[in-house]
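Visitor: Okay, so TrEMBL annotates it like this:
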DOMAIN    53-178  domain 'DOMON'
DOMAIN    186-383  domain 'Cytochrome b561'
DOMAIN    607-717  domain 'FAD-binding FR-type'
DOMAIN    756-817  domain 'SH3'
SIGNAL    1-27  signal peptide
TRANSMEM  223-243  transmembrane segment
TRANSMEM  250-274  transmembrane segment
TRANSMEM  286-308  transmembrane segment
TRANSMEM  328-352  transmembrane segment
TRANSMEM  358-385  transmembrane segment
């Protein structure tokens, strides 16, 4: 292009006209033709010289110190064979946030100069379409292979849009050029510069110097981008996939944890890499990246808590919510990361640019792969791998009856039998010489450190290899160690919910009802005969089979189960863990029971630990720290052949718990109103008691407890005499000498003999109802007690009429016959300890005062509050003279004619107490053949 030969005045007029009329409307107006003179400006800087090209910038500061202070500059590019060339100068640190002046060589001899602004990506900056332009083109020319563009720019626009140039210090400058541009995606001759045709500098515009500095490395940003994509779209999804679908593989948790740790290390490393570069925190990619980094820290904490919750008692209580939060946050992070990677790719390799198509292809391939993998595998698992519940019982159809409790579901009537729960297992490892276990030997192996479970009631499996990989955690494996896991392994937690019928609540005692004060008449027929004669009564059987759990109990039982229907892959893994076979213990009295059509295939063995849920944990005293614990069988409808109907007085159960990494066992005396599915224990909490401190810290519904039994010889056993129709199954004289919490077997005894539930009692005195909710009874009737108020009254059903209501126990003969004499001699340290069992003792005294006498000795000399203790209270320590005085009244020492079998004396108390009592009673002449010392470690 040749320079125009106009006069200077006309040139300035043309420049002003262009600036005022056109540049306020468009940014791509052609530059006035004319050859700029670089030598007319004070300063210059050569940015690039090499490969046949030279790029320089010439400038001066005009009107310095005035409001019209202006940068007067000339952009110069020289080289051979230039076509559609462009030169750019930017104010800023990177092209992601800079503002640009770009000069274009167009067709013919036309020149254009544009103001551009960054798009936030590595693609051609966009035109500045809004607001007034501050860069005013003066002239431009392409002559002798040299492209020159001259302009003026205000140094301080102060318009909130353009960057103010810092003349008091250094200004960040970037530059670039392309001598042979191609058309870009907008069909403009403005394509990507070569790698070496760009640079950065810091300019002292007033001082006249520009210092080149290293340009921000695109390679580091690409390393950051590809590294983050590898972690978020490769490592993390694989880790999640492995944890979700391959958890049947031993060590899956270690693989998941390792991949997660490697991913976090990678994120930190690639984050540090990008920190060495300039970060524009206003950009969406940077903001979202910081959010992801922050939540990665939260996810890390949740993951650690989730893993610790597998083996930590405290964290296990909240692990359910931690796990859910961890899973949901993990999924949200990966989905967000997909958008974040897309934003990063759009920055480094804009979709409209042809140079980034490979990176986008990898991105879409990874996303498509994982979407297909997750959806496909999830569908496959639902169709072929996951299993629905097995052995779901049919809903029990309740038939209407005109008699109370004739509609109750029989316990075990729809129980899950082995044939229902058996899943085909590939037991290719079964060998003739495979070890055989009884429940006793299995438990001994567990106590020796082995990790064994029983499934399908027959096979023994080792779970040792799963201790660190089980999805449910180590705590649940320790909880089931040594027990039958058939129901846990093949069922959901509420699979037997349709069988459950809640125990009805007894009506509250009415205030206007008087306590039992009726005159007692001696029974003419022994109550044992009545019991035997009416044992087959339908109402008796229906009430004995009525549910013992309340609705709240059931909810806590289901909550404690923590079951999960395992996949077929998990069942196949179980098959490979077979190590032995379970066989009956022929030495147990229950092992020889004949099987019948209703057989479950599993014989009751008291050595089998069955799991119970803790459903109540409440203090019954304050000063003595005595607690009541109520336990319900985890699977109450899963019965055994020959299972006892209940606990007998003097029998104990054994509780096993893993405390501080050791298996601890303790014996306790259970209190129950029926079968083995529900019972209570009263426990004194000792400050340094291992088991008691563990029990008192447990919350209902949180933990499973391994319990077995019953053990011990019963204090009374009605089975043989009842079958013979005699009444000698209980001695005529019973004396129980207890120390402290050794009273618990006595409480079993009086509940069994004087306050039974679901046993027929003979009415010895007519009773006419005085309130509408009471029973009218006739001498000779039989009444079954449903509930005791422990004030001499009870709720029962008249077997003759089928009517239900309240009645006074004083009109009945006790189960053990009214001729039996029962005496309690109880020594305690403080008055607060007398509350233990006080409710039962008071109820027995009010019901059958002629049969029972209670003596309480309080060692510290204090007296309980009014009504806090019943019986005869002695504010003194129990001594030998006291024993002798009471025994001479209740145990005729001189009556040698009375048969030894007709009187029994029981002693139970702390260490030293029992030996002292034996010495005392022996010295005063008690026949030691009548004496039984109960082991204190099986009491409380």
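Even glycines carry a Cβ here, placed using N, Cα and C.
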Visitor: Determine how many residues of the domain 'FAD-binding FR-type' (607-717) DSSP places in helix, in strand and in coil.
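Guide: Helix, strand and coil residues of the domain 'FAD-binding FR-type' (607-717) number 8 helix, 50 strand, 53 coil.
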Visitor: Tell me the residue counts in helix, strand and coil for the domain 'DOMON' (53-178), as DSSP assigns them.
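Guide: Result for the domain 'DOMON' (53-178), in helix, strand, coil order: 0 helix, 69 strand, 57 coil.
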Visitor: Let me know the model's mean pLDDT on the domain 'DOMON' (53-178).
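Guide: Looking only at the domain 'DOMON' (53-178), pLDDT averages out to 87.
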Visitor: Count up the helix, strand and coil residues in the domain 'SH3' (756-817) according to DSSP, in that order.
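Guide: Tallied per class, the domain 'SH3' (756-817) gives 3 helix, 26 strand, 33 coil.
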